[in-house]
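J.: Feature table excerpt (TrEMBL):
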DOMAIN    15-262  domain 'Nodulin-like'
DOMAIN    357-526  domain 'NFD4 C-terminal'
TRANSMEM  16-42  transmembrane segment
TRANSMEM  62-89  transmembrane segment
TRANSMEM  95-119  transmembrane segment
TRANSMEM  149-168  transmembrane segment
TRANSMEM  174-194  transmembrane segment
TRANSMEM  214-236  transmembrane segment
TRANSMEM  242-264  transmembrane segment
TRANSMEM  396-418  transmembrane segment
TRANSMEM  430-447  transmembrane segment
TRANSMEM  453-477  transmembrane segment
TRANSMEM  489-513  transmembrane segment
TRANSMEM  547-570  transmembrane segment
Amino acid sequence: MGVLQEKLSSFYKSRWLVFVAAMWLQSWAGIGYLFGSISPVIKSSLGYNQKQLAMLGVAKDLGDAVGFLTGLLCELLPIWGALLVGAALNLIGYGWVWLVVTAQVPVLPLWAMCVLIFVGTNGETYFNTVSLVSCVQNFPKSRGPVVGILKGFAGLSGAILSQIYALFHAPNQASLIFMVAVGPALVGIGLMFLVRPVGGHKQVRPSDGKCFTFVYGVCLLLAAYLLGVMVVQDLVEVSDTVISIFTVILLLILVIPIVIPIILSFGPEQRNPEEESLLPEQQNKDPGKSQLDSEEVILSELEDEKPKEVDMLPASERQKRIAHLQQRLLQAAAVGAVRVKRRRGPHRGEDFTLMQALIKADFWLLFISMIMGSGSGLTVIDNLGQMSQSLGYDNAHIFVSMVSIWNFLGRVGGGYISELVVRDHAYPRPSALAVFQLIMTVGHFFIGMGWPGAMYVGTLLVGLGYGAHWAIVPATASELFGLRNFGALYNFITLANPAGTLIFSSLIASTIYDSEAEKQHPQSMGSLLLHLPTAAESLKCEGSVCFFLTSMIMSALCVFAAGLCMILVLRTRIVYANLYGKTSSSRLRL
């Protein structure tokens with residue numbers, strides 16, 4: 001009995017149990033991706049036009065992006081308290097929206113509905129923050145796989161929730177809003193004592209590699225299964241029994257990773273946390289004062305001293321020339337012949353504060369490119385309901401689910417491909433972002449043309465490109481501006497989403513959509529002035545013309561964004577050559 005109790009205690013304290021619980025939490029944390037499914041019922045129930053609906057989309061994106069208060073509360077409150085706050089916000093925000101849409105409470109003005117959408121969506125920032133903070137602390141040596149998998153599950157949540165909603169198949173579309181309000185809140189409350197930092201187990205163990213590989217396999221299996229199920233449900237009318245079977249299999253796939261903490265805790269190789277050796281102390285207590293940093297002082301001088309033609313040499317020759325010049329500068333500084341002066345503020349690759357980063361051209365090139373790429377992708381996600389209806393598709397859920405899957409694969413694939421670019425070729429990471437933005441260009445073009453099947457191709461390409469932004473941009477920011485203040489930098493970068501949708505969705509897409517709808521239904525203007533109930537119906541636009549011009553504009557701006565990325569590539573080649581070049585890599589391994 002004592003042995004069993006000890007193993008149960010070890011199971012509860014297992015960092016892998018925390019990781020699996022965080023994956024389940026993240027599966028419900030991407031409620032913002034369902035806005036394309038709930039927006040049509042909000043529009044029809046409240047009589048909104050496309051511009052008013054776009055304002056709700058901007059409020060949703062702001063709620064998803066504004067995480068400053070979330071970070072503060074997560075430092076002041078216990079982890080379970082932060083999850084409780086997030087669950088309450090989600091329930092209050094979307095719960096009230098559901099009451100308004102179902103006419104159980106009086107209709108609120110547009111600004112109040114924006115506040116409710118903001119509050120409800122802001123709840124998911126608590127789920128994200130708690131999951132990432134807990135798991136990064138539990139896996140300090142495996143941050144990349146941990147963050148990638150968790151963000152991938154958040155990207156898949158739209159497809160997962162859509163499939164669970166299909167199980168109920170409620171005739172009233174407003175019931176989806178009810179599920180969005182209640183589901184994540186219940187999951188958050190149910191897991192609030194499991195998702196937390198735990199003591200011990202923080203070394204890289206031999207089993208970690210196999211465990212992460214197993215989880216990646218489950219992720220790919222889940223994505224492939226959801227894609228197959230959604231395609232089958234779209235092409236063939238399946239019975240409620242078949243839908244139930246599909247959903248049960250989905251839930252079983254989500255539960256599979258729990259075998260990892262079970263095997264590790266109850267298997268023969270299980271070890272108590274107290275038996276594991278402590279992590280070795282770093283010889284250098286101050287990471288900001290390492291030998292590499294002292295060499296970067298001289299490297300900063302090289303930007304002034306080296307001939308410009310050095311940057312055009314092949315990588316091996318360029319590094320030889322730079323190393324030779326650096327050695328001469330070091331010798332001259334040692335004998336006092338040259339005084340090495342630092343410029344004001346840090347240099348690329350060093351630790352920047354947010355204010356220091358905001359005055360750098362590199363940061364704004366990255367941020368503006370993010371606005372155009374990620375903002376245009378999110379505009380498509382937010383308007384999938386209207387886009388699919390205008391092209392004659394009755395069910396927008398299939399596209400919401402598919403773009404969620406492509407978003408997940410874009411995050412995994414974007415991180416993997418960009419890592420190959422920097423590790424194998426020592427080439428700047430933004431070059432991979434430029435490629436994905438060009439892929440988005442083709443996706444926007446397909447959606448705008450409205451050809452048969454174009455929505456499937458368009459959502460595939462746009463979803464991949466949008467997901468890749470959230471794998472590549474944070475990594476690029478950490479490489480160019482350091483890790484010490486990465487939280488503030490990342491929170492600022494996330495503002496690209498609401499800024500992009502404000503421009504593309506509220507100012508461009510909604511204006512063009514309403515204009516085309518008025519051309520198709522001239523009588524709508526009279527109905528709108530008289531406040532007749534047919535006004536909302538008369539403003540419905542049909543045909544590819546509804547989003548043609550918007551898609552062409554976003555396509556052109558994605559090309560411009562790729563150009564900004566390539567400018568950033570040219571400006572940062574020397575940084576990546578020294579970070580990931582062969583000589584730098586060998587020096588880092590010493």
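Think of each number as a place in line: the chain as shown, counted from 1.
Note: Cβ is positioned from N, Cα and C throughout, glycine not excepted.
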J.: Taking the transmembrane segment (547-570) as the reference, which of 62-89, 242-264, 396-418, 489-513 gives the largest number of Cβ pairs under 8 angstroms?
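T.: Looking only at 62-89, 242-264, 396-418, 489-513, the most contacts with the transmembrane segment (547-570) come from 489-513.
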J.: Is the transmembrane segment (95-119) in contact with the transmembrane segment (214-236), using at least 3 Cβ pairs under 8 Å (sequence separation of 6 or more) as the test?
T.: no
J.: Do at least three C-beta pairs under 8 angstroms join the transmembrane segment (396-418) to the transmembrane segment (430-447), pairs 6 or more apart in sequence?
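T.: Touching, yes - the transmembrane segment (396-418) and the transmembrane segment (430-447) meet the threshold of 3 or more Cβ pairs under 8 Å.
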J.: Can you tell me which parts of the same chain pack against the transmembrane segment (242-264), counting only residues 6+ beyond its ends and a CB-CB cutoff under 8 A?
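T.: Residues packing against the transmembrane segment (242-264) from afar: 11, 14, 16-17, 19-20, 23-24, 27, 160, 163-164, 166-167, 169, 207, 211, 214-215, 218, 221-222, 225-226, 229, 233, 270.
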J.: Take the transmembrane segment (16-42) and find every residue of the same chain, 6 or more past its ends, with a Cβ under 8 Å from one of its Cβ atoms.
T.: 48, 53, 56-57, 60-61, 63-64, 83, 90, 94, 97, 101, 120-121, 124, 127-128, 130-131, 134-135, 138-139, 146, 149-151, 153-158, 160-162, 173-174, 176-177, 180, 183-184, 187-188, 191, 194-198, 211, 215, 254, 257-258, 260-261, 264-265, 381-386, 389, 396-397, 399-400, 403-404, 407
J.: Summarise the model confidence on the domain 'NFD4 C-terminal' (357-526) as a single mean pLDDT, whole number.
T.: 83
J.: Is the transmembrane segment (489-513) packed against any residues at least 6 beyond its ends, judged by a Cβ distance under 8 Å, and which are they?
T.: 49-51, 53-55, 57-58, 61-62, 64-68, 71, 352, 354, 357-358, 366-367, 370-372, 374-376, 378-379, 382-383, 386, 473-474, 477-478, 481, 541, 546-547, 549-550, 553-554
